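Data first, discussion second: the structure below is written as structure tokens.
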Amino acid sequence: MKQLLCYLPWLLLLSLVVSPFNEARFVVEKNSLSVTSPESIKGTHDSAIGNFGIPQYGGSMAGTVVYPKENQKSCKEFSDFSISFKSQPGALPTFLLVDRGDCFFALKVWNAQKAGASAVLVADNVDEPLITMDTPEEDVSSAKYIENITIPSALVTKGFGEKLKKAISGGDMVNLNLDWREAVPHPDDRVEYELWTNSNDECGVKCDMLMEFVKDFKGAAQILEKGGFTQFRPHYITWYCPHAFTLSRQCKSQCINKGRYCAPDPEQDFSSGYDGKDVVVENLRQLCVYKVANETGKPWVWWDYVTDFQIRCPMKEKKYNKDCAESVIKSLGIDSRKIDKCMGDPDADLDNPVLKEEQDAQVGKGTRGDVTILPTLVVNNRQYRGKLEKSAVLKALCSGFEESTEPAICLSTDMETNECLDNNGGCWQDKSANITACKDTFRGKVCVCPIVDGVRFKGDGYSHCEPSGPGRCTINNGGCWHEERDGHAFSACVDKDSVKCECPPGFKGDGVKKCEDINECKEKKACQCPECSCKNTWGSYECSCSGDLLYMRDHDTCISKTGSQVKSAWAAVWLIMLSLGLAAAGAYLVYKYRLRQYMDSEIRAIMAQYMPLDSQPEVPNHTNDERA
């Protein structure tokens, strides 16, 4: 009976899983595999990326395929057969081809890695579409080696596997390239990714691995998010309880909102410990922490809350509860009232909009398949395959940036090899000015003419780059001739669009490699008057005049210093005197005219008092008339 009770949670979980996914669509994430030799099987094929190890996202790997004569399923250690696959110095890495069957995929890869293989190809033993090689579920013994697998692996179809075996058995050297450069879309300068996680810390090996990853990846995630390089969103898988079982003990203990949102019992024991509904409530709380933090422009606070909750509120210490969660929320300065409002009432017979959105998001759209594996990482709408480990996941994120837009964290020596350090990546460079067209990227390098101090270089980036536009002469003299002597510097750079390099006055040449001084004296270009004495200088000339003469450079002639000074002085004196005379004459004429006018008017006024003037009419004398 006790054994039956142990299986009940799993039977219920199966019913919960199947119900919402009766039309589930699991997408196998693939990478490209190209056979370069022999000619008979040359071509490109698809392979399914294994969900363990470290795929080289954003990169590629070339190697030679080997098919072992013994232990062909790689279920035993190759050391038992005295077989090693370590590459000899100067040789290509070894890609081990093994057969599917008899043991876990991960064990096959682990045994191959210990024998020195650089990658593993697993040939399917069934004619079927490609599937994803996953890790064993809740297997403690396998967990010990799974976390140590560092080489990539891929599943190939049965038909292609047979072709590889035939070529190898025929004595051909089979070389191929594994290419992960297009495994993740890289459309722009921002990567969108999501992590499907769980707050349950008692679900075994995978939960421990997930908790460790969140703790290790927190720093890198927050750097990327704060810099605007990524847009992260957490998700939590939930299922619903079939309507016929909503009143059962199992549904009541594992679900909230009347069976709408459920999670498995952490201890797989309904009579003790925490219930599945406790996990659902905490999952909901963590979703609301992200939502509230995102509304305040600080979505990265989710990482702080989740890691602090793991440390302060573990199930094994009986602290996995609301009180402990609220203490973490308070310590991070998050508004607990907004969290409560977001969570709603878990006992209400209503849809919870936050959890309903999570259930809808589990169903794949476009190129992204349904989320059925926990944990699942989705990068630019493609599910990540491989080890959930900081450097491996960071490589996947970095491969999602458009080339040359990656943040600095993606270009560290731990993440990629700087190809510009080897022969400048084959790009153009100006060693004297320390300028290069090689730009290191996560995928490799690009040759692009640079912008230096605001000056744009133009060219193909490989063999030619030259400064252009305003200010180009400040960069290595625009690639033109330049020389300095005795404190005098000359440059042939001209800030014009039509002319790039032109020797300055006093020089002749192509302006690029050479400008020679013109001997104005010898070539009789200046200082040629009879009284002139010419002396050539670098970039110019000196001209002196005999006697007391002065050289006029603009007119290339000599004039007398003294004569010119005396003439100038007398001219000035006569000019002043003439000006004064004219001023005096003008003043006299004005004065004479005004005075005469004034005197005439005064005399006429006096005379008008005693006698009539010709210009005035006769005035009658009334006094005399009265006397008569």
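Using the three backbone atoms N, Cα and C, a Cβ is placed for every residue, glycine included.
Per Swiss-Prot, the residue annotated N-linked glycosylation site among ASN148, ASN621 is ASN148. Between CYS473 and the candidates CYS449, CYS465, CYS493, Swiss-Prot records the disulphide bond with CYS493. Disulfide connectivity taken from Swiss-Prot links CYS503 to one of CYS515, CYS521, namely CYS515. Here Swiss-Prot gives motif 'Tyrosine-based internalization motif' for one range in the set 278-281, 394-397, 610-613: that range is 610-613. The cysteine that Swiss-Prot pairs with CYS438 in a disulfide, picked from CYS420, CYS465, is CYS420. A Cα-Cα distance of 43 Å separates ASN434 (N-linked glycosylation site) from ASN148 (N-linked glycosylation site).
Helix, strand and coil counts from DSSP across the domain 'EGF-like 2' (469-516) read 7 helix, 15 strand, 26 coil.
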